[in-house]
Amino acid sequence: MASLISAQIWGFWSDLRHGRENSSRLKSQRAIIFNVCDTLGLMSLMAVSIIGSIMHWQQVQTIIDKLIDCDKKLGILSPKKLRRHTILLTFCSLSYFIILSCLDVYSWNYRLKLNKKLDNKALFNYLPLLFMYVIFIMMEDQYAIIVYNVGQRFFRINKTLENILNSSKITNQFRKDLGLAGDFRNQGQFITYIRQEMIGNTRMFRKSKLMDSIVANDGRSFTDRISQLMTVHATLCDTVSLINTVYGVIVLVITVTCLMRLILSPYGLIMEDDVRRESLFFAVQGLWCILHFWTLLMIVEPTYATTMQVYIII
């Protein structure tokens, strides 16, 4: 971390040592402000990610252990699907970034050929930023995968609750306990009524009379299943709290950095005045904008999907 930060500071100094007019990226005061803000964002993200990983590695291990425990209780036996998603997400993100970095390097070399006044070492002044981006992408993938896994466990809980509500035995028991046996001709209407009542009273499943009668009717299935679901739900809530502790600051810095980059990249398109490489430069900057949008989407989409699954339970 210290090496990358020092190398980038040296890169700025090297780019400005012959004067701002001979700089490759810092020809104007506005360009200096935007590039410094961009670099500070990446440096802050790298520092927060590395320091946070060192401080919270035990909590990350606890998150993984809790998810494994939830898998055992929910009957998720094979992690192959999770491994495929993890490998696919990491491979696609890194592959896109590597290809885009190569195109960016090519565009810089092309610019050096067109403008011989530029320093041949100008390209190396900003290479540390590319290595910072690798840390950026890896931390983002890690967060997205963990949140996706939590969302899948909440989804499994919702499906199990739906199957329990659709069971005729528990439906008949609800009708008997609520004194509504003769009021509903259609079982589907009754299930809809029960779901509406559950929204207003989330503790209905906890009534001992109902649980005892379920045990009497069906041995162990409903009581054990609901008890396990409550345990898994509590474990997942603890996992969410740990995720907030471990990744809260990191996600905040990632979001701010992505939004900043989405502003800076179009700025580079607008302020660029070299018409001879306009098409190449526009293409590379457009691909950078796609990458920034993709990284922001990897934060927002899993979080939103998991939140919606939690609201369904509530």
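Easy rule for this one: first residue shown is 1, then count along the chain.
Backbone N, Cα and C define each Cβ position, glycine as well.
Unlike curated records, TrEMBL annotations are generated automatically.
Sequence-remote contacts of a segment are chain residues at least 6 beyond its ends whose Cβ falls under 8 Å from one of its Cβ atoms, and for the transmembrane segment (32-57) they are 1, 4-5, 8, 12, 20, 25-26, 129, 132-133, 135-136, 139, 245-247, 249-250, 253-254, 256-257, 260-261, 264, 267. Per TrEMBL, the feature transmembrane segment maps to 32-57 (among others).
Here TrEMBL flags 87-110 (among others) as transmembrane segment.
The transmembrane segment annotation in TrEMBL covers 122-139 (among others).
According to TrEMBL, the feature transmembrane segment maps to 246-268 (among others).
Listed by sequence, the residues of this chain that lie at least six past the ends of the transmembrane segment (280-300) yet keep a Cβ under 8 A from its Cβ atoms are 89, 93, 96-97, 100, 103-104, 107, 110, 136-137, 140-141, 143-144, 251, 254-255, 258-259, 261-262, 265-266, 268-269, 272, 274. The transmembrane segment annotation in TrEMBL covers 280-300 (among others).
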